[in-house]
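Structure record follows, encoded as structure tokens.
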Amino acid sequence: MSIKKLFAETFLAWMNGETASQSDIVISSRVRLARNLSDIAFPHLLNQESGQKFMQLIYEAWQKSEFKELKQMELVTFENLSALDRKILVEKHLISPNHAQSTAFYQGLLVKPDGSLAVMINEEDHLRIQCFLPGLQLEEAYRRAQEIDDALEKELDFAFDDRRGYLTSCPTNIGTGMRASLMLHLPAITISGQSGHIFQNLNQLGLTVRGIYGEGTEAIGNFFQLSNQITLGQSEEDINASLTTISQQVIEQERMLRKSLREQMKYQLEDRIGRAYGILTHARLISSNEALTLLSDVRLGVDMGMIPRISPNALNELVVDIRPAHLQKKAGSDMDAVSRDAKRAEVIREKLQTGEEGS
């Protein structure tokens, strides 16, 4: 996949849920490593001169590296990127909303065209190295992110303190600089009214539950990001092991509640899922929030064998494909709200039809 296809097409490596572990509940795993250069001011303090110097150092490190996966990545500079394309990168989860909206000097993205590896340049930190994989694969995501980290550190001098670890713009990231997160689909926990209690317990265990695009975003379509809070005093391996163990408990609770809903609310659940499928396959206008809510019900119905089998890849693609920037990119022109809702309904009808296995 070329970098042009990254913007023109939706499917990315993390969307491949066909064979990934626990992929009916764990949509994706992400590991992010925050790094800063030792002799360059933090991003919010950069001026034009230091920003230019910083970008030159990053460019040279990328060009000099002989590590295969780093050489396969391509550099996208934001000064040459439209606001629409920045939003597309946010909708693909490759950059944060803050990164897209920032006006700081010299920002960009090093990205592997399949989206499995990405390095945000000059977001909150100089570098945020990320690996995205489908299903529950935190160890593998960390391994691949660490390889990029090691390759860059051969060429760059990272800010590191022997006592505190890696130094970051935000004190909560000091230490490993690592944020491990899972994108979870938890409809049964939400429907049963257990989310408040469960999420409070997760917070007490040192984990954070956020919305679909991370910090400061709302949970839509029963998608939640579960991530570690603590980066100091724990090793990367310990952080991953803890998050994996606790997430397994959340997964088990979700499975038990799905079974309970089926046993105790069979007809109500069938009606809810059937109505969602009917609306999505026939609607001519649909908003983003309504679509994500109904797609959550359809995904639940597929996972529980209550409606025709639809490829998990098709459902994962739809979550991104129906977002405003992707719809506008497909249309090739500006769209008002009604036009977007009409295009969204069309995209969903087509995808659900073509995504049905055996059709």
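Going from the start of the chain as shown, residues are counted 1 onward.
Cβ atoms are placed via backbone N, Cα and C, with glycine included.
Quick caveat, the model's predicted, so the values are computed rather than measured.
Here is what Swiss-Prot says about this protein:
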DOMAIN    25-257  domain 'Phosphagen kinase C-terminal'
BINDING   28-32, His93, Arg128, 179-183, 210-215  ATP binding site
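Feature map: Swiss-Prot annotations on the structure.
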residue : record           : DSSP (3 states)
Ser28   : ATP binding site : strand
Arg128  : ATP binding site : strand
Ser181  : ATP binding site : strand
Arg210  : ATP binding site : strand
Binding-site residues: Arg128, Arg210 - member with fewest neighbouring CB atoms within 10 Å: Arg210
Segment-level pLDDT (mean, integer) for the domain 'Phosphagen kinase C-terminal' (25-257): 92
